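TrEMBL annotations:
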- 25-47: transmembrane segment (TRANSMEM)
- 59-80: transmembrane segment (TRANSMEM)
- 101-128: transmembrane segment (TRANSMEM)
- 140-161: transmembrane segment (TRANSMEM)
- 173-189: transmembrane segment (TRANSMEM)
- 238-258: transmembrane segment (TRANSMEM)
Amino acid sequence: MPSRTPGWLVVARQDVRVARADGSLAWSTAGAALFAVLVAGGIDFLTESAWSAPNTMRLFGPVLLLVVPISVASNCYDAVNGPLQSGRLRIPLSLPVSRHELVAGTALARFVTTAIPVAVLLAVGAAFAVTRAHPIDGLVAAAGILLAGLALTAAFVGVAVGWSAATRTPTRALLGCIGVGGLLLYWWFPVDAARYVLNGFAWPGTLRPDWLSWYPALNPTTAYMDVLRAAGVPVEGAGNLAVALAVLLAWAVVPLALGSARFATVDL
């Protein structure tokens with residue numbers, strides 16, 4: 001007796017097919033390739049120094065820190081509640097697919113459709129890099145940056161799809177994604193706000209306590225930089241690779257699980 005295809009895989013395949021059919025995957029991939037050409041091909045015209053292959057690829061490490069969040073937000077903020085509003089969710093929900101499987105499959109599909117342009121971006125950059133000095137080192141750097149970029153993509157996809165599953169409208173999900181982006185930029189704000197309140201609505205005259213030294217490591221952008229550093233990209237910081245990967249995994253899984261739990265209780 002043939003085994004049934006897992007529901008999450010059915011949903012993921014269908015979502016990827018939709019991205020291919022409506023052209024969104026092709027357009028985002030083409031945009032990533034063009035952007036890589038402008039970055040890797042344009043640095044010789046913008047600077048007078050000779051760029052080696054590793055240094056060319058290392059440019060893309062910080063670039064992904066801007067490209068990935070924007071790409072994920074635009075691709076994922078309406079991943080669940082968009083089809084819910086349009087009625088397109090009736091088809092997968094009419095199949096033997098649970099709501100948890102629907103959210104998981106959607107997250108997998110959105111990860112794939114966001115990761116492909118990221119991979120193309122780095123592949124085109126690597127094509128320019130190998131024409132310069134130390135091409136093998138450039139390919140090694142490209143592989144390390146790709147792994148770090150995919151981990152960052154997974155983290156932000158978990159956040160965006162989690163918001164989309166937890167809210168009823170794409171607008172609310174987009175505002176949630178923007179709020180998370182603001183939190184990542186001003187990571188110490190919750191701590192400083194709590195200290196302000198606990199100090200009687202006055203700013204404390206002392207520095208932050210030393211026992212909060214672990215707090216910055218929970219920021220996924222900091223974790224991404226730690227992974228980049230382990231891949232040989234010269235960025236600031238001294239974090240641990242294992243901790244950084246665990247943080248990125250937590251950001252990929254926890255918001256998605258919370259959003260899935262909320263979606264499971266919604267009256268459709």
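Backbone N, Cα and C define each Cβ position, glycine as well.
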Response to the item:
Contact set of the transmembrane segment (140-161) with the rest of its chain, CB cutoff 8 A exclusive, min separation 6+ beyond the ends, reads 53-54, 57-58, 60-61, 64-65, 68-69, 72-73, 75-77, 79-80, 103, 106-107, 110-111, 114-115, 118-119, 122-123, 125-126, 129, 173, 177, 180, 220-221, 223-224, 227-228, 230-233, 245, 248-249, 251-256, 259
Worksheet entry | Result, the transmembrane segment (238-258) in contact with the transmembrane segment (59-80) (3+ CB pairs under 8 Å) | no
Worksheet item: What stretch, picked from 101-128, 173-189, 238-258, has the most CB pairs under 8 A with the transmembrane segment (25-47)?
Response: 101-128
Practice prompt. Report, as numbers and ranges, every residue of the chain located at least six residues beyond the transmembrane segment (101-128) whose Cβ falls under 8 Å of a Cβ in that stretch; write 'none' if there are none.
Written response: 6-16, 19, 24-25, 28-29, 31-33, 35-37, 39-41, 56-57, 59-60, 64, 67-68, 71-72, 75-76, 79-80, 89, 92-93, 138-139, 142, 145-146, 149-150, 153-154, 157-158, 160-161, 165, 256, 259-260, 263
